[in-house]
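See structure below.
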Amino acid sequence: MDWLMGKSKAKPNGKKPAGEEKKMYLEPEHTKSRITDFEFKELVVLPREIDLNEWLASNTTTFFHHINLQYSTISEFCTGETCQTMAVCNTQYYWYDERGKKVKCTAPQYVDFVMSSVQKLVTDEDVFPTKYGREFPSSFEALVKKICRHLFHVLGHIYWAHFKETLALELHGHLNTLYAHFILFTREFSLLDPKETAIMDDLTEVLCSSPTGGGSGDGASGGASGAQNHVKER
């Protein structure tokens, strides 16, 4: 499978977007918006008598569909002209093809690579088996981690580059709820490296430390100020 060899890397993009000075998505009036008050920290726990891989597969597939849907609401604003790079804060992500070659792409192209690749995986019976008696591959957890890493990039880009449009569509409550659920799930099963998510620690601290988030957990080191000016190189 070609994408299994793919990876993304990030490094400073040399630009300082206007939004970096003041992140609209961190304003209290916006972070309080949710579509449910459910305790996601309870929801993400592995239920009794449920196989771990089955639980990871079910939730990963659901997050993929919801994040894809969330992105689709602002996709008309995410173009090669408005988003010439896949940027989140002061970090730019690159896509690498199956040969390890860096693919220079715009944000919408990057997201398309992500969604197409994940769609291919979650519909592959050899990777995400749905039929009785089929076993998960030994590399399944590593694949789930890779999927979550790329989905995190998409969520980060929506917040960083398209929160204004999300707000205008009154979908920020959906975005906040999705983000909190996703982050708490990935923390529960250690699916994302804290260094990878540090770029959004300020938002994570706010959304996942509130009563609806279910606690701050172990992954929000740095708090609101810790991730303000992080520069990531991978």
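One is the number of the first residue shown, and numbering goes on along the chain from there.
Glycine too: its Cβ is placed from the backbone N, Cα and C atoms.
Taken from TrEMBL, the feature region 'Disordered' applies to 1-22 (among others).
The Zn(2+) binding site annotation in TrEMBL covers Cys78, Cys83, His157, His162. Just so you know, the Cβ of His162 (Zn(2+) binding site) picks up 23 other Cβ atoms within 10 Å once every protein chain is counted.
Among the features that TrEMBL reports, region 'Disordered' is placed at 211-234 (among others).
Here TrEMBL flags 212-225 as compositional bias 'Gly residues'.
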Other CB atoms, at most 10 A from the CB of His157 (Zn(2+) binding site): 24
Residues that sit under 8 angstroms from Cys83 (Zn(2+) binding site) by C-beta distance, when 6+ apart in the chain: Thr106, Ala107, Pro108, His157, Ala161
